[in-house]
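Here is what TrEMBL records for this protein:
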- 1-24: signal peptide (SIGNAL)
- 43-65: transmembrane segment (TRANSMEM)
- 77-98: transmembrane segment (TRANSMEM)
- 118-139: transmembrane segment (TRANSMEM)
- 203-222: transmembrane segment (TRANSMEM)
- 259-285: transmembrane segment (TRANSMEM)
- 297-317: transmembrane segment (TRANSMEM)
- 365-387: transmembrane segment (TRANSMEM)
- 399-420: transmembrane segment (TRANSMEM)
- 440-461: transmembrane segment (TRANSMEM)
- 581-607: transmembrane segment (TRANSMEM)
- 619-643: transmembrane segment (TRANSMEM)
- 655-674: transmembrane segment (TRANSMEM)
Amino acid sequence: MAKLQPLLLTLFCVLLLLPSLAFGDCTCDTEDEGRDKTQALKYKLAAIASILVAGAIGVCIPILGKTIPALHPEKDIFFLIKAFAAGVILSTGFIHVLPDAFESLTSPCLSESPWQDFPFTGFVAMVSAIGTLMVDSFATSYYKKSHFNQAQNGIGDVEKEGEHEGHLHVHTHATHGHAHGSASLVDNSASSDLVRHRVISQVLELGIVVHSVIIGISLGASESPKTIRPLVAALTFHQFFEGMGLGGCISQAKFKNRAVAIMATFFSLTTPIGIAIGIGISSVYNENSPNALIFEGIFNAASAGILIYMALVDLLAADFMNPRVQSNGRLQIGTNISLLLGAAFGDCTCDTEDEGRDKTQALKYKLAAIASILVAGAIGVCIPILGKTIPALHPEKDIFFFIKAFAAGVILSTGFIHVLPDAFESLTSPCLSESPWQDFPFTGFVAMVSAIGTLMVDSFATSYYKKSHFNQAQNGVGDVEKEGEHEGHLHVHTHATHGHAHGSASLVDNSASSDLVRHRVISQVLELGIVVHSVIIGISLGASESPKTIRPLVAALTFHQFFEGMGLGGCISQAKFKNRAVAIMATFFSLTTPVGIAIGIGISSVYNENSPNALIFEGIFNAASAGILIYMALVDLLAADFMNPRVQSNGRLQVGANISLLLGAGLMSLLAKWA
């Protein structure tokens, strides 16, 4: 684990040197109104003190809380605090950092090419999230293998001394359903969890360090008391609860005291040091210079990607899908309320040009789009479903993981690079009134709420179906045990040569059934997100009367629909629905975009895509579908497969899946140049 700590230190030093890149001539003049260096300095010094203290207290509460029984990681209150802190971190990524990145990288101070031609903010955030996934996956795999090798050596020594004890006994009690197994299995499970907690805590600190330094420099360089004053309270609150989230992860990771002290101190100092650097360069730093805007925009987008990934995958999904939370309704409701509280606290028509309009030519392209998108979607969604008859395309084969990773990259790119930037553009349009649309980052807020809502549906649906199956299984087990109560002891035979354990068939069945429930929930929630954004895209294309706009969209949407269909088809295939349900889901997916285009054609004579109502409608639904797609791609497609024991234990499969993911995300990102 110590190998990741030098990386944090190196990155921190690089961040301290980068502000020098921002010194440059500005093409946008800034107003001196409200500038007061003396008054601003007082607020900055107050900010350093309050943020330092708040951060230190926040990160130390969970760490020192190990001495307080109520704050132990096994207690309910610990889950509630972590859920609240995760809400703050998710809100930071979606509502604070990402909108700032969009504003910086779409500023009129930057040249039109390339900054206005490509959605760099979404691209950098997506690449950052993928990079975090890779670090998370490879680090977890590496440390698990290291531990496994050490454990195997230990087991080998023990078995040489006691080879005659080759059979372990598992005693089952029908009255309470507990199984007492090999201590080594329990140790391996606990050690595997410990590795995950250690990787999570260090990767989370990496993301926090990046955005904390950037925020600190921005505040320290400002000379407007009006700007700084509200930031002091907001950042103090934010630092406190972000610290609690990080502290909770550090506490669960069980580092040595020296490592804990280094990580806690590092977190507490980053924003204050950033402010101090900002104060030092305030006389020469111009926050509206092109270099400063690019520097802040790229690093804000990168930190947003890290924070969104960590909050959704490693904090929320990990805890909300925890068997303890899943089996406790009261705790489940409590964590959801804490999450929502944390997220909440973290927080006319325009004339259009007629140039390029040609209804007849546009209609030809629209009809071509309906046909090509319908066929591509149907083929894409059917390949994995019908592929069950082809041995090479079975869900157990490597090629299936590669296809799913490629499709997940397409879906992630769709959310970050195509849908989310469109939502930002709609909800920040000058056609909308300044209040409330310019006063609050509605795009990030709606996307975040949508992602949280998807998490809740995912969690509650999984919990409900697992409990239903468990009750059915218990009834079946009860009947069997009445018939054969004398066979109360089951034997587990272990083979030291290959490390496999052959146990009760019911345990295997329960595990397989639990996976089946997850696949069924995932496939239906994913289809929900796809349907929302597909209809919106279809209506927008169908309502347009510009061949110049429609032409590049036909190829882009055909490609997108094909691989999005493959991703959904893979999930449907793993869910093992009945044929009727499979046919309904595949047909529904294939028809959504074509139906949306048909609706758009029907309303094109009265629909004005630049009217306030149309902008609000499209912006909100695009933001909502972006949140769903980002959650589903990161949590239920990528993290679920990349943390799969089969992928984790196979280096070639792991590398192949990462390459497939990058190809899918890269090719879909490339299409943003034209569509």
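Even glycines carry a Cβ here, placed using N, Cα and C.
No curator has checked TrEMBL annotations; they are predicted automatically.
The recorded stretches the transmembrane segment (619-643) and the transmembrane segment (259-285) do not share 3+ CB pairs below 8 A when only pairs 6 or more apart in sequence are counted, and are therefore not in contact. Using a Cβ-Cβ cut-off under 8 Å and counting only residues 6 or more beyond its ends in the same chain, the transmembrane segment (77-98) has close neighbours at 62, 65, 70-71, 121, 125, 211, 238, 241-242, 244-246, 248, 300-301, 303-308, 310-312, 315-316, 319-320, 322, 324-325, 331, 334-336, 338-347, 441, 444-445, 447-448, 451-452, 627. Residues 393-394, 400, 403, 541-542, 547, 550-551, 553-554, 557-559, 561-566, 568-570, 572-573, 582, 586, 589-591, 593-594, 597-598, 600-601 of the same chain sit 6 or more residues outside the transmembrane segment (365-387) yet have a Cβ under 8 Å from a Cβ within it. The transmembrane segment (259-285) makes contact with the transmembrane segment (203-222), as judged by at least three Cβ pairs under 8 Å among residues 6 or more apart in sequence. With a threshold of 8 Å between CB atoms, the same-chain residues lying at least 6 positions outside the transmembrane segment (297-317) that come near it are 15, 18, 82-83, 85-87, 89-90, 92-94, 97-98, 100-105, 120-122, 124-129, 131-133, 136, 200, 203-204, 206-208, 210-211, 214, 245, 249, 339, 416, 451, 455, 458, 630-631, 634-635, 639. Under the criterion of 3 or more C-beta pairs below 8 Å, with sequence separation of 6 or more, the transmembrane segment (203-222) and the transmembrane segment (440-461) do not qualify as touching, having fewer than 3 such pairs. Within its own chain, the transmembrane segment (581-607) is flanked in space by residues 359, 363, 366, 369-370, 373-374, 377-378, 381-382, 385, 523-524, 527, 530-531, 534-545, 557, 561, 565, 568-569, 572, 614, which lie at least six positions past its ends and keep a Cβ under 8 Å from the stretch.
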